[in-house]
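Now, the feature entries from TrEMBL:
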type: BINDING; residues: GLU5, ASP25, ILE27, ASP28; note: Mg(2+) binding site
Amino acid sequence: SFIGEESVAAGEASILTDNPTWIIDPIDGTTNFVHRFPFVAVSIAFVVNKKIEFGIVYSCVEDKMYTARKGKGAFCNGQKLQVSGQEDITKSLLVTELGSNRDPETVKIILSNMERLLSIPIHG
């Protein structure tokens with residue numbers, strides 16, 4: 001099977017099944033792309049039984065290829081990536097994105113979640 005982000009965004013129905021499925025977003029960061037903000041990528045995932053087996057994200061502007069495979073780790077241009085060892089949230093940097101859905105109920109939920117996150121005494 002195949003699921004394309006742009007076709008789903010255009011209103012086409014798409015159901016993730018247990019079948020092997022490619023999920024592709026050829027312009028991940030469409031809003032950034034439209035506004036010439038340089039953070040866009042090509043994102044591809046392969047899913048079996050509704051579980052991601054591997055994923056690839058190519059950041060075109062930065063010329064960075066991120067890859068990950070279930071049980072094998074994540075890499076950037078072949079270099080192994082690992083999460084920070086930071087365990088104290090007050091010394092952590094929180095990064096988020098609000099999404100593009102402007103449905104009033106969705107915006108209300110997102111802002112409520114943001115309020116909860118911003119009440120945590122994070123570093124930045």
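Positions of Cβ are set from backbone N, Cα and C atoms, glycine also.
Keep in mind that TrEMBL annotations are predicted by a computer and have not been checked by a curator.
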TODO: For ILE27 (Mg(2+) binding site), just count the other CB atoms lying within 10 A of its CB, please.
DONE: 16
Open item on the list: Say we define neighbours as other CB atoms within 10 Å of the CB. Which of the binding-site residues GLU5, ASP25, ASP28 has the fewest?
Closed with: GLU5
